Every structure is written in structure tokens, then in C-alpha cells.
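Down below is the structure, laid out as C-alpha cells.
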């Protein structure tokens, strides 16, 4: 019997090609988008869940409160892990990891021309490969990192630097100001995409102890302060609260003005809870999941609308089957199996489309997902659940409608459907357009906010500013480099700072004039920084001040308020750390962070640009800022600057970034969301239009005799078209009324995360509403005009 039902389903699919293409196409599109979103979200939630005993691994972090300011402290001193393990028996093991945050140069010593700038470098204790589950292709996991200047490289790095040769025992130079020879002791599999430990080079922690610039960190006995990520392995997961109390006790020596709340977060929760750079935050992941459900719902409504629209054509078939003894259960089973065939076919097409478009999707949202993840057990299990849900909902309503036809009336050509059927279809169509209009409004608001973030005035001139990071040793050649750059006619200004703008700053803890604890971000810059970025003065320095005195600083307007200063503070003395500084001038507020947060207090130390170590504490390395005239041939100019750079530093590869690109990078998550919404809006309009087309088809079929009678009585084509279209316009207008407040509430909540934001204007709702009305009129008019032009003789023949 089931085999016969499948044959009938296939014949109906082939016989009604247009209906099949629209039904399967709409459902396939909805399923494909849902699959892609599910793939992305499930990948984000799968991070570092593959480690053996991973549920027993936790990362130490704390929330530090100083005055009214809170900071998330993710890294600690070199000794903190050892102290916790020594004082808490529930800790079975610990590991320290030091990430290399700035790029370093790796060079093949046998072939010096083979050198690349690498970002995926980290230092780890000797137990790294026994603590975590990262398979080694070559080497003993207990020995590969147990000596100084040992490095384990990934399979990709081995191919990159050594080709097909065996890299074990070979030497690579690590160039980071100084040159350190590293011996390859092991080769590991490439890091899976669903791990936050993305590394091509894992250097032994013993190596850091031998480096003059990092060795002092291992002599410190302070619990806090440091740059080491510390992980613990616990015997019992329930012991986390005990370990947190131990950490709190060990940190009792902290300043009384500072409060630390220590926490442990499970390894499997780190990626989401710590909101790493390449992941969407929990909020965005939830938004994407909701969108996946909504688009799948749209596709199902579209499918059911088309199925019920076609039901009238199969009414006599149902009547004949009932007269010949078919029960309602048998009919329901038949139509359910037919829906299942359609759904399975749609699912298969959607999966193939998902596999085909996955790379384009990854590029759009700027992520990397291993191709094997698409065929992994976790993702396929999720898809199986989605398939079962889709089959259930896709088959339920159409099979119920078809099996409910009365045999006598259908065989006489007098089709009767339960009155509630029409109401249900109208509710589904209203729901469909409510979702579509809501997404359109949300998409417009997101795009408007993103445009506002990109183009709003931030207090600096970001246009045509080139940022070039330089190494510690570059300072010895900086004056020559500056002279070469200044000799170019298209250069307006040149300056240096310790960090690229929007990439970081130092923080000073101090007290305001009322002896309250405050924190002040600090930028170390040279005297050309302010004119290069065209930062405006609130209170100018005294005439003739060339900033040769190192004991003076420049602050912004917000610092006046935060430090409880009054009036013009120029020449006033303030404490920063253990030293007093004279305020040389005050600049107007400018954004040095994203517009998600309000402008904070800021202090700028004006430091010499002729030394290799400038900034707070003599930190090495810097960034050169070059202001370029507009309408300059940038490729040619960058090529010349690269030549000057390589004359000063022949080891470190030349890198650059434009300031406006660095600023736009701050809104990567918002750009990702906007790009996705643009696609979703297009698809929801397409799917909703298909659903409306299905309902229009059903309606004209149901009213074909009424239309014929009206034509005989003299009704024009335009009058009949208007009559049929008005019913659908009412549904669309109702959808707009329902969707507008829902979308406003959602977007108003979303905008609260931004310190600077747009106002949701009335025209956004008008534009979304008018667009939906135009789409519905165009969609419905096709069926309405077709029905109005039909010969009434054909519809009234039975009368």
C-alpha cells in the first residue's frame, strides 16, 4: 500500500510541474537557509567540546572592581596556577598558555628567503598535549615541549616551510625584535575550526624563561598581574566553588581599593561566554536561531498554502476513493506520505544547496568552518530533528483538508470545505507577511544604524590615514624612515604611537581630586599625533611648548569630569601612578573605542619618537601614522613606502592598514548581521510572495463561478481584479499593523546596546509597508487578471 502511495505521489509531482517546482523550490530555499544558520550556530556552540575529560577543564578569570569601574581579567601571573594547585587538593593539574598577540616573523634557517609573518603562535607548558586533545602526527606528547627553544608546528606550517621534507629536528628562527632559533620537536594536526586554540606554532614555555624580555615575568610572586591564560583540571566538576574560594584567599594581598571576584568557566563554554573575536555573541546567535525558525516557518506556510490551493483539483479523486471504500485514515495516510515525499525531496535539494553555497556563506559572515563539520554526527543529528518537524507540519494540515472533502458534493462538482479552512489560511498568510514585514523593518534599521556608525563624526579625521606597525628595532631607523616619507609630495603628516588606533591602549589607576579611585585609558604618542588625525583643542597648550618635557600630559574633556577638575586645567598637576604630571593641554573628546560605549577619559603621554622603546614602561614596538593627500595613487605610494620600510627593516614583513578600515572592523558583528538580513529579506519576500500566489490561486478557484456570474452581469476586468485583490490587501495591511510594533520593540531593544544610535523614524515603517503592499499587488494581480479574463462560459457550463 505504501509503495502505491509513493507511486501516486511521484506521478502527481511529475504531472503538475509548475506546482511542484514552486512548492519544492520554496521549501528547499527555506530549508537551505535554516541549514546554513544551524550549521553556523551549532559550530559556535561546539567549540572545544571534543577534548577528553573536557568537562573537567576550567579557565580562571576574574571581575576586578576599582571605584566605579569594572574590568574582566582573563590573564594572570606565571605563578598563579602553581599556587592554586599547591593550595587546593581538588585541582589535579594546571597549564599556562601565553598567546602571541602581535605578529612575529618565522624563518627557515636553511632557506632564509622562506619567511612569513605569523599570528597563530602561542607558548605553552610541557603538558599541553596531555592536558588537551590535539593529536600529534610526529613526536611524543610528553616530551615535545619539555625543553627550551622547542616548537611543535602544524601540518600546514610543516608543508609551508619544509614542503615534503621531514621537519623534525629542523630549525626555525622566531624574529620578534630579537632572533631566537627554535628546533621542531613535533608536528600536530591542524587546529580544528571549532577550537579557540588556533595555532600553527606552539613554543615551549621554557623558551620564554630564556628570553630576556619575558624572563622577569617568571620571577614575580604576585598572584595577579600577568599575561598567562591559566586552566585547571578538576577531579570533580562540583569542586569549582571550592577552587574559587582558594583563589580568593590567595589574592587577599590585593590593594584594599580593589575588589576581585574570581570565577571558573568550563572550557566548553569559553567561546560563547567570553565572546571571542571570531564568534557571534550569545545575543546574535539567538537572533540567528530565531531567524532560522522564522524562515523555515515561512517556507512551511508557503508549502501548505500551495498544497491547499491545489486541493480543489483533487476533490473528485478524494470523492471517488471515499465512494470505493477508502477511510479517512487511509486518505490522510496517503496525503501524508505524498507530503513526506515532497519534503524529503526538498530536504535533499536543500542539503545539496547548503553544501554548494556553504563557502559563500562562510565568506559572508567571515568565519571558517571545517568542511567535515557539514557531515559530522552532531550536525546531521540536528538536521534529522529538523526533518521530522518539517515532515510533521508540512503534512498535517494539507492531509487534513484533502481528507475532509465530502464525496457526494465533490462528485457533483459542488466542493465544500469546512468554513474554518478559509480562516486558517488567512491566519497563515497574515502570519507569513507579519514575519516578512518585521524582518524588512529590522533589516532597514540595522542598515541605518550601521551607516550611522560608519559615517558619524568621531572627532578625528580617519580618511587617507595609513597605519604601519613597526618592531622594536625599527626605532633605530625611524628618523631616516620619517625623512624618506616626508620627502614625498603627497604626504601631509607623519606621527607615531605605541598602538594602532582602535587596537588597544594602556590603563592607569589613579585618584580624582576628591580622592576617589578612577581608571584612565592612556595613549603614548608623539607630538605629531594630534595634527595628523586633526584632533581639535579644547584648551590649547601655552605658546612655545614643544613637548620636550616628559613630565607633561594631554587629557580630553571627559578626563576633566572624571578627575573632578574644574575650569581650564592647563598647567595643573595630577598624580598618575607614583609620579606627578603637568597638564599641557586639553583636546576635545574623540572616539578611540567603538560607538557601542560612550567616550571615556583619556590621557596622552607625548614621548620621543627617536628611541626603540617608547611609551609607558618602555614598551617596545609602535605604529607609524601617515596622512596622505586625497586623490593619490595609493598602490604606487604604498609600494614606495614599502621600499623605505624594507631599507629600515629587512627582516619583519611590511604590513599596513588604513585607519578607516580599522574603525569599520569594530563593527564586524553588525556588518555580519546586516549582510545576513539583506539575504533573509530577499528570501522572505520571495517565499511570502509564493505563499500569497498559492492563496490567490486557491481563492480564484473557489470563486470561479462567482467571477463568471459577475462578468455575465457586466463587471469589468478591473472591477473583478480589484475585488479579488482587496481581500489580500486587507491581510497585508493587517500584517503591517501587527508587525510594526513588534519590530519597533525588537529594534529598540537592540539599539540600547549602542551609546550612539539612530532614532527609529516613521518612514522606515512606511517604506516597509509600501514595499509589502506593492509586492502583494503584483503577486495577486497575476491571478486576479487571469481569472477576470477567463471565459465565463467555461465556469458556468455545469449550471
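Cβ coordinates are placed from backbone N, Cα and C, and glycine is handled just like the others.
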Stretch carrying transmembrane segment according to TrEMBL (options 238-257, 258-277, 358-377, 378-397): 378-397
Chain residues outside the transmembrane segment (378-397) and at least six past its termini with a C-beta under 8 angstroms from it: 27, 31, 34-35, 38-39, 42, 46, 296, 300, 303-304, 307-308, 335-336, 339-340, 342-344, 347, 351, 424
DSSP helix/strand/coil residue counts for the domain 'ABC3 transporter permease C-terminal' (678-788): 96 helix, 0 strand, 15 coil
Residue numbers, six or more beyond the limits of the transmembrane segment (284-304), whose CB comes under 8 Å of its CB atoms: 23, 26-27, 29-31, 33-34, 37-38, 40-41, 44-45, 272, 342, 386, 390, 393-394, 397-398, 428-429, 431-432, 435-436, 439, 669, 672-673, 676, 680, 683-684, 687-688, 690-691, 694
